[in-house]
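Taking it in order: structure first as structure tokens, then the write-up.
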Amino acid sequence: MDVTIQHPWFKRALGPFYPSRLFDQFFGEGLFEYDLLPFLSSTISPYYRQSLFRTVLDSGISEVRSDRDKFVIFLDVKHFSPEDLTVKVLEDFVEIHGKHNERQDDHGYISREFHRRYRLPSNVDQSALSCSLSADGMLTFSGPKVQSGLDAGHSERAIPVSREEKPSSAPSS
């Protein structure tokens, strides 16, 4: 049986499971040395690996929770103000859109835009949906669930984003 053994110099740390930050949503915030030379860590030592969760924890990934009583979405939108955000409910989906025009930051000028779309459970009471933005930039979208025999009231409507002065109580995974 022939087994091909590849030298660690030619391996990319975790391959497609560890994407480069170079062109992700943090474009313009500066780079880690790993972003410029991803093969360097395995060249120096085949046993050294960057933390898998370093980029995951700082990537703005949303968290969706659906328990027996309510449905909640947490989304890191620290670069956007409430005026830059639009939250709409279209039938069984919530659409979150953020856009700010070009502005100056520490690294030059930047403009950002994103679209997120989530399916709402069929038993979420759409007349009682709320959305708030915490002081640390965490958007919280929530709605109570109704008992399965009741109509949840599906329609199209905009949800206003209110600003909170305290940091979010969302877990920082």
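Quick reminder: no glycine exception, Cβ is built from N, Cα and C everywhere.
Taken from Swiss-Prot, the feature Zn(2+) 1 binding site covers HIS100, GLU102, and the record attributes it to similarity to another entry. The secondary structure of GLU102 (Zn(2+) 1 binding site), as reduced to three states from DSSP, is extended strand. For GLU102 (Zn(2+) 1 binding site), the same-chain residues lying six or more positions away in sequence with a CB closer than 8 A to its CB are TYR109, ILE110, SER111.
The annotation Zn(2+) 3 binding site is assigned in Swiss-Prot to HIS154.
Swiss-Prot lists 52-162 with the feature domain 'sHSP', giving sequence analysis as the kind of evidence. On the 0 to 100 pLDDT scale, the domain 'sHSP' (52-162) averages 84 in this prediction.
Taken from Swiss-Prot, the feature N-acetylmethionine covers MET1, and the record attributes it to similarity to another entry.
Here Swiss-Prot flags LYS70 (among others) as N6-acetyllysine, drawing on similarity to another entry. Contacts of LYS70 (N6-acetyllysine) defined by a Cβ separation under 8 A and a same-chain sequence distance of 6+ are given as SER142, GLY143, PRO144, LYS145, in order along the sequence.
Positions annotated as N6-acetyllysine by Swiss-Prot: LYS99 (among others). Residues near LYS99 (N6-acetyllysine) in space but far in sequence (CB under 8 A, at least 6 apart, same chain), listed by position: PHE80, ASP84, SER111, ARG112, GLU113, PHE114.
Positions annotated as deamidated asparagine by Swiss-Prot: ASN101 (among others). Sequence-distant neighbours of ASN101 (deamidated asparagine) (same chain, 6+ apart, CB under 8 A from its CB) are SER111.
Among the features that Swiss-Prot reports, deamidated asparagine is placed at ASN123 (among others), with the record citing similarity to another entry.
For 1-63, the entry in Swiss-Prot reads region 'Required for complex formation with BFSP1 and BFSP2'.
Feature annotation from Swiss-Prot assigns region 'Disordered' to 145-173.
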Requested in this report: Can you grab the distance from ASN123 (deamidated asparagine) over to HIS100 (Zn(2+) 1 binding site)? Cα atoms, rounded to a whole Å.
Outcome: 34
Query - Chain-internal residues near HIS100 (Zn(2+) 1 binding site), provided their CB is under 8 angstroms and they sit 6+ positions away - result: HIS79, PHE80, SER81, ASP84, SER111, ARG112, GLU113
Query raised in the report: When the domain 'sHSP' (52-162) is classified with DSSP, how many of its residues are helical, how many are strand and how many are coil?
Result: 12 helix, 60 strand, 39 coil
